[in-house]
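Residues annotated as domain 'ABC transporter' in TrEMBL: 106-346. What TrEMBL records for 452-473, 485-507, 527-551, 563-583, 590-612, 711-732 is transmembrane segment.
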Amino acid sequence: MPSAECDNLSMASHLPFLGPRQAMELQELSRKPKRSSSHTLGELLQHVGNSTVDPSHQILDVDGPVFQPAPSMPFVLAFHNLTYSVKVQRKILPACFSRSGGNNNPGNRDLIEHKSRMKVLLNDISGEAREGEIMAVLGASGSGKSTLIDALADRIARESLKGTVTLNGEVLESKLLKVISAYVMQDDLLFPMLTVEETFMFSAEFRLPRTMSRSRKKARVQALIDQLGLRSAAKTVIGDEGHRGVSGGERRRVSIGTDIIHDPILLFLDEPTSGLDSTSAYMVVKVLQRIAQSGSIVILSIHQPSYRILSLLDRLIILSHGQTVFSGSPGILPQFFAEFGNPIPVNEDKTEFALDYIRELESTPAGTKNLVDFNKTWQKRNPPSRSSSGPKLSLKDAISASISMGKLVSGATNMDPNLSSSVPKYANPFWKEMVVIAKRSITNSRRAPELFGARFGAVLVTGIILATIFWRLDNSPKGVQERLGFFAFAMSTTFYTCAEAIPVFLLERYIFMRETAYNAYRRSSYVLSQAIISIPSLLILSLAFAVTTYWAVGLAGGTSGFLFYFIFILASFWAGSSFVTFLSGIIFNLMMAYTVVVAILAYFVLFSGFFITRDRIPSYWIWFHYASLVKYPYQGVMQNEFDDPSKCFVRGIQVFDGSPLRSVPDSLKLKLLKSMSKTLGMNITSSTCLTTGSDILKQSGVTDIDKWSCLWITIALGFLFRVLFYFALLIGSKNKRR
């Protein structure tokens, strides 16, 4: 797409609800090099009132002259002497190392010394970014671009970062910064099965307050879609490797849109043009320019901007190995390098020349030291010009003014002296977050039914196989042993099929970290919502397995026995699902998670009491028996099957079925019974009951806990693992460098 066409597209999609005259005026203003007064998205929507959204055009009807220039309320983000170092390990090799065979010699491996040293990633970086402008951080790979963005966005632990970051002269608290800012990661972390419009709508539900009506939220989403130039892709799914979706440039703009739905004051972006073609990259930065002009401070890192992109940037900071080699407007680059003694040729691209020259200096013994020193001298001789458009407001007054103009839509209505408490930490209450998370998860599941279908198929096939193998078991001694095998395999199967739920959280882990890092919702809301929406699927799986196996195997108890069997299957699925969810919260690698889950479940089955009874387990392993998730369901269904005292499982000569005498003729077995009766002093006939259900339970060692206690313990373990999952998210998703 030609440059002029891109400009027209971006300008036409800027504010689609302007009339022709205002749109022409806006185009004229956009050609001016300096920033003109631009309205926030929220400010424009404040004038909508009860206007309607035309479903055919999806535009906002605005009546009357609503576009009065707002007074200048400038924000200034300043950072001074930012320094950040990390400890790295370095191998120190002895002088004789290479002569004696190097690392291949086993004797030398013990001679290797590991020494730690501090590597400086940021070294005394200072500068400022202003409202209405884009500040870009440039540099080669490893220069410290992303580190500086992380430092400004409070993604580095305060105790590790030296220096100060202030907004309008006041030090920014971490809690306040999360509310008034947004951070767009380099990777596009989006749900592939949601459309562009749905993605923005869910973001609006999270970031916009409950007091804002749904129609206003929809209007805001529609305006944002037009502002980002995504109207043609609004109904298209994001897509992934297996599903065709939006283009790379559109995906990047969607990522930006999800984080600016609430009109943040500060917007940080880590290489937003990475991986895009020149036209898509230009369109992305053009969108960022409009965001800045609406009253935001935009700070981004970029590897090497094109000439057109450079024309959209207001300030540059060029880094080399964590040090500033240039800071200022792109227009003064030629003058800067001319005074340094290396002028930029007339027909050369300014940034390309500067970055190439800096790379050449980095390869020399002296490095960029002279350029760093010259930049410090230059900054003293040419201090940045200060805005003279009006008095500099305090941070409290500036945020109040932004909120009154419709920016930073977070539910705040007024400001009190305590800034951190005046702007709500979360835009919505706990229950509202749960509803939105549940709705989004259900939408994703409905668009990808194969995940649940595979799990349902595995459970159903397993149930059919068990039903056909253990078909109509009788009450003979052999039938008893087969029942024990059925229960052990059935209970362990419910846990193994839960392993298929491992990818569910791992696939959205980084989306969760992005959203919670800037208070889109509470971690507790996510945990509870995921637990609640899992119950319907567990009910379906449990019912399918119970119906398939209970009557086919011939289990005892009738209707009440079936209900208890079904409830235990459901409790097992609940505990297994919670356990797998917890592990996915602490193990980030999918293959490793599968390996750990399968191994631990195998140990649970081993210590469940089927392969070796409780009284035969060594005392130093008995704790694992009680920690086994399989123990309690197995013990519960065993008691449900064999707790009828009137039911007999071994009568008369059946006592010999489990011994080598089972092949002896029945007449001889009867004689043996008579002989045993005389010896024991009791009458044992062919109809005498020798083993009841209680005897089987005692022999199996499953009488230490009653079946109802086993049920409550299984359910409680499910809740325990959900709580542990919450703490795993609380600790493991801080997303800050140390």
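Even glycines carry a Cβ here, placed using N, Cα and C.
Per-residue pLDDT, averaged across the domain 'ABC transporter' (106-346), gives 88.
The listed stretches are 485-507, 527-551, 590-612; of these, 527-551 has the most Cβ pairs under 8 Å to the transmembrane segment (452-473). Two recorded stretches are said to be in contact when at least 3 C-beta pairs lie under 8 angstroms, sequence spacing 6 or more; the transmembrane segment (527-551) and the transmembrane segment (590-612) fall short of this definition. Long-range Cβ contacts of the transmembrane segment (711-732) within its own chain (Cβ-Cβ under 8 Å, at least 6 residues beyond either end) map to 512, 516, 523-524, 526-527, 531, 567-568, 571-572, 574-575, 577-579, 581-582, 585-586, 629, 632-633, 636, 705.
Residues 451, 454-455, 458-459, 462, 466, 470, 473, 530, 541, 545, 549, 553, 569, 572-573, 575-577, 579-581, 583-585, 588, 590, 593-594, 597-598, 601, 604-605, 608, 610-611, 629-630, 633-634, 637-638, 641 of the same chain, all 6+ positions outside the transmembrane segment (485-507), place their C-beta atoms under 8 angstroms from a C-beta of that stretch.
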